[in-house]
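A.B. asks: If you scroll down you'll find the structure; I have some questions about it.
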């Protein structure tokens, strides 16, 4: 390997990644995100010059490595529409890496370029239809996301710019056993996800299920349609329970009517359906999709109209620019920090769950990822 590494031992521009079990090599073109334990790069195949994204994660000092979850989920969903193509994964003595399809800017950043920080109705409904299908596919593969939000969905680049991709599975968890049966909930679980979007049950340290991913999807949908959520300015790091209480409050009048003001009435029914779905139930994805179609019909829009970033030259240029750089949602958040100061951040713990069940919670998180070593050099 070449010697272009920074002081932490992480690769820099010009560094050559050599896959351990094949003759493939990738050249690092640029770093587009750098954090305490992880970096994201644009790399190019040294033979074809095709560009990819590469996520690297330091091994030393990383108390909760998550790249292995990305690898496991991308391998499980390989070939499914709207999931970045998994290319290769491996490790060096300093870091683990995963090479995958390059995608464009995330939906959170795109939304913030729009007037009033919301998408048009045709675009929002199309996004929600696509993201609903992504979650159904993920669940069918036996995985929960546990961090559904706009920044974890990106648009494609070039001819794929109308496709919405789901990515960043650092909080994912296997929720079915080898026989395909849903794993019973633990006594207590760590609060996983993002304050603004996590399900009400997560605020009470309950184990999450497929319904909870869809509850987060629902909050994301309201944000895409109306702009920032009512609890967007509450500091969840100081009081996440207040956000949970706000989510409970919008389920009753008079706040319920206010919450749904300006959005298709079908979203009121969507929330009712989700609240009636239990931990062990399979969500009615078809019914939810049908309600999106009904909303489009009632508002006389089609679900085949050009998307906002295809209609708007500024958004289109930004999408092409960011896509060419292969920017991840973390980099988007970094660039837009001043414009989006109150956005919640990913968390693992805010406060501790009840003492009973803590060890079960943590050991289960480890057990769902222990087999990743078999995939570390998988191509």
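Just so you know, glycine gets a Cβ as well, placed from its N, Cα and C.
Per Swiss-Prot, the feature active site, proton acceptor maps to 147. Residues or ranges marked as ATP binding site in Swiss-Prot (evidence: sequence analysis): 32, 33, 34, 35, 36, 37, 38, 39, 40, 55. According to Swiss-Prot, the feature compositional bias 'Polar residues' maps to 360-372. Taken from Swiss-Prot, the feature domain 'Protein kinase' covers 26-302. What Swiss-Prot records for 331-379 is region 'Disordered'.
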A.B. asks: Provide, as an integer number of angstrom, the distance between the C-alpha atoms of residue 34 (ATP binding site) and residue 147 (active site, proton acceptor).
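C.D. replies: On Cα coordinates alone, these residues lie 21 Å apart.
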A.B. asks: Along the domain 'Protein kinase' (26-302), what average pLDDT does this model show?
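C.D. replies: Within the domain 'Protein kinase' (26-302), the model's average pLDDT equals 95.
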A.B. asks: According to DSSP, does residue 40 (ATP binding site) fall in a helix, a strand, or coil?
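C.D. replies: In the DSSP reduction, residue 40 (ATP binding site) maps to strand.
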A.B. asks: Looking only at 34, 38, which of these binding-site residues has the biggest number of Cβ atoms within 10 Å around its Cβ?
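C.D. replies: Sorting the candidates by Cβ neighbours within 10 Å, the top entry is 38.
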A.B. asks: The residue listed as 'active site, proton acceptor' to residue 38 (ATP binding site): how many Å between their Cα atoms?
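C.D. replies: That comes out at 18 Å between the alpha carbons.
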A.B. asks: For residue 32 (ATP binding site), which DSSP three-state class applies?
C.D. replies: strand
A.B. asks: When DSSP is mapped onto helix/strand/coil, what comes out for residue 147 (active site, proton acceptor)?
C.D. replies: coil
